[in-house]
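The feature transmembrane segment is assigned by TrEMBL to 36-55, 86-104, 116-137, 149-169, 189-209, 221-240, 260-288, 295-316.
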């Protein structure tokens, strides 16, 4: 129902923006119109790829039956980890799909490469500090959202450990969505289908190894999913580097990610210290007892930690942070972001 309402709302907004009236398509057009054939040729692999991603999570749930309480904990942790990533994906990925399609239509491969690199850097700059904050505040988040009645402190600790395991691959998850948008713009959704099919197979192998050989438990299942997400993202990046001439994926994508890791560590440290101090102070205020002190501590600590990631990049005149400053300026200047 939510998807149907979203479709109707988008259709109404498109008609309002463009001033076009609604129109109907005859069933004969589905068999005669070549543009409809091209659309379905692109959509069918996309639908199958989306379904395969759901099957990957079901693979974890199958192996979770070997660990008591793991199925529920994996579900809770996966929801917490994917909520911010789904929002970021809608904000970052969806607006740039027409940009990629426009470059492909004009065969402007240099512009496509430049836009892709900017979006990748933007994804890193936005997702990395949020990932750090979630990993550091995993236990307080689980306590605030879930801990009540039968969901005790042991269950919160279990879910928080799984949340960390899922969240570490969040930047790669966003980048995989960006790469998928490029492949759809190129009209080559079959590669995504093959990558996702391979990911299911590898995820099943890693899940089996985590449970039966390495005995990592539920944390091993979550780490397996994170590893497969990262590997599939890198595989798509490697394929794109072969299709887009002049793109050196290691130098232009992996190196910036490595440069940002020290800022992630600093951001995580500030988040941890801020939470401990804020929680100690706010919990002593009578009016903020119960969950309000926990809520405000998480919000303010997350804000301070994320700010600690950006401030050094903006204030320190370091040569290696120039690309981040340019990306942040692009993000702040919305008109420039839309044009590039």
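Indices start at 1 and increase along the chain as displayed.
A Cβ is built for glycine as well, from the same backbone N, Cα and C atoms used for every other residue.
Among the stretches 86-104, 116-137, 149-169, 221-240, 295-316, the one making the largest number of Cβ pairs under 8 Å with the transmembrane segment (260-288) is 295-316. Between the transmembrane segment (149-169) and the stretches 86-104, 116-137, 189-209, 221-240, 295-316, the greatest number of Cβ pairs separated by less than 8 Å involves 221-240. Sequence-distant contacts of the transmembrane segment (221-240), counting only residues of its own chain at least 6 positions beyond either end whose CB sits under 8 Å from a CB of the stretch, comprise 56-57, 60, 63-64, 67, 70, 74, 77, 116, 162, 165-166, 168-169, 172-173, 175-176, 179-180, 182-183, 191-192, 195-196, 198-199, 202-203, 206-207, 209-211, 247, 249, 253.
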